[in-house]
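*Asks:* Sharing a structure with you now.
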Amino acid sequence: MPKQTVALFFGGKSVEHIISIISARAVASHIDHSRYDITPLYIDRGGHWHGGACAKRILALDVAVLLRNGGQDEVFERLDEITSFDEGKRFDLTAFFDSIDVAFLTLHGSYGEDGKIQGCLDTFDIPYAGCGLTSSALSMDKALTKLCAADAGVEVAGFMSVTSADYAADPQAICNAVTERFAFPVFVKPANLGSSVGISKVHNAAELRPALDKACALDAKVLVEETITGREVEVAVLGNDDPIASVPGEIIPGSDFYDFEDKYVKSDAKLVIPADLPGEVSAAVRNAALTVFKALGCSGMARVDFFVEHGTNRIILNEINTIPGFTDISMYPMLMSASGVEFDELISRLLLLALEKRAINPKI
């Protein structure tokens, strides 16, 4: 059987740009090269597409080391230096799509995980690993995710959503509404970002406005959410119509909560796989993950995050990620590995699921 060509999309316009590159490097190292050839496609922070030698040079760049040693500024300086050689060149989108068989996306966050790139690929009839346009868009919006999950019978934390426009018009009114509805501490988070970017834990009224300022600067919609005192547990889901759920894994944060630094830079968080949960709680978490996955119409992959409340073992949805991290310290591949699906096999299965979905739904 001839090799198939996989377009590996990475980079993107979101604040998770660097993490996307790290994920892409891991995927490239674990793909079955006897079955697939990789054609990298790098999207810079301005949304410009770069293929060929430019994308290959960036994929070869060990940005994780640069990030640890020099911070984000040094990473972006190197990326800009490489892409400068592509200035003035016109990317031939049609020729690129004509040359590939299937796409694998490691575009985390906005403009990658929210349905935009999925719609583009659908237009060009390119199969891709992971969720489609609608499920991606729903899952990206934390408020809509909670509404869909609650409708399917999965418990969610109490929350209120605030538009950045309403907050800008009357910040004090929004702050008053929050303090009337919730007891502190609360979490303030952008509705459409991942990797814990822009999230603040607010302990009192004095901290509320700075947290809202921070989140509203990053997103047009913001969530204020009650704090759940419990264990942070995650489940990886893999499949299309008959998905499987991994063993649950627990995150013990190295800071006040599992933030961007814990996930990708200093790695102080402790990951426990499988999570030390009673058997019935573990089974219930896995079932809840499958329920959320199906309620949102997901396909291919997702990581579903929960809280297991101290004392009661109530299972409460936190969020879902339809393009979870694929770095060497990311939960999704580690959870699947602990469930018998190693990283190399995981990539192959995701690509096969993409082709399977297109075969069943040729017009989608």
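For all residues, glycine too, the Cβ spot is worked out from N, Cα and C.
Bear in mind that the values here come from a model prediction, so they are computed numbers and not experimental data.
Just lifted these from Swiss-Prot, have a look:
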| type | residues | note |
| --- | --- | --- |
| DOMAIN | 146-352 | domain 'ATP-grasp' |
| BINDING | 179-234 | ATP binding site |
| BINDING | ASP305, GLU319 | Mg(2+) 1 binding site |
| BINDING | GLU319, ASN321 | Mg(2+) 2 binding site |
*Asks:* Between LYS221 (ATP binding site) and ASN321 (Mg(2+) 2 binding site), find the distance joining the two CA atoms and give it rounded to the nearest Å.
*Replies:* 18
*Asks:* Please identify, among the binding-site residues ASP305, GLU319, ASN321, the one with the smallest Cα-Cα distance to THR179 (ATP binding site).
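*Replies:* Among ASP305, GLU319, ASN321, GLU319.
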*Asks:* Sort out for me which one of LYS214, LYS221 has the most neighbouring CB atoms within 10 A, since those are the binding-site residues we care about.
*Replies:* LYS221
*Asks:* Minimum Cβ neighbour count within 10 Å among the binding-site residues GLU207, ASP305, GLU319: which residue?
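*Replies:* Least crowded of the binding-site residues GLU207, ASP305, GLU319, by Cβ count within 10 Å, is GLU207.
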*Asks:* How would DSSP class LEU193 (ATP binding site) in three states?
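*Replies:* LEU193 (ATP binding site) sits in coil per DSSP, no helix or strand.
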*Asks:* Closest to GLU207 (ATP binding site): which of the binding-site residues ASP305, GLU319, ASN321, going by Cα position?
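*Replies:* Nearest in space to GLU207 (ATP binding site), counting only the binding-site residues, is GLU319.
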*Asks:* In three-state terms from DSSP, label VAL186 (ATP binding site) for me.
*Replies:* strand
*Asks:* Taking VAL186, LEU193, ILE228 as the binding-site residues to compare, which has the smallest set of other Cβ atoms within 10 Å?
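*Replies:* Across VAL186, LEU193, ILE228, these binding-site residues, the one with fewest Cβ atoms within 10 Å is ILE228.
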*Asks:* Let me check the 10 A CB neighbour count of SER200 (ATP binding site). How many other CB atoms are there?
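*Replies:* Other Cβ atoms found within 10 Å: 21.
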*Asks:* Between ASP305 (Mg(2+) 1 binding site) and ILE228 (ATP binding site), find the distance joining the two CA atoms and give it rounded to the nearest Å.
*Replies:* 13
*Asks:* Do you know which of the binding-site residues THR179, ASN321 has the most other C-beta atoms within 10 angstroms of its C-beta?
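*Replies:* When each Cβ's neighbours within 10 Å are tallied, ASN321 leads.
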*Asks:* Nearest to ASN321 (Mg(2+) 2 binding site) by Cα, among VAL186, LEU193, SER200, LYS214, ILE228 (binding-site residues)?
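*Replies:* Looking at Cα distances from ASN321 (Mg(2+) 2 binding site), the smallest one goes to LEU193.
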*Asks:* Could you state the whole-number distance in Å separating the C-alpha atoms of LYS214 (ATP binding site) and GLU319 (Mg(2+) 1 binding site)?
*Replies:* 20
*Asks:* Taking DSSP as the reference, which of helix, strand or coil describes LYS214 (ATP binding site)?
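*Replies:* Its secondary structure by DSSP: helix.
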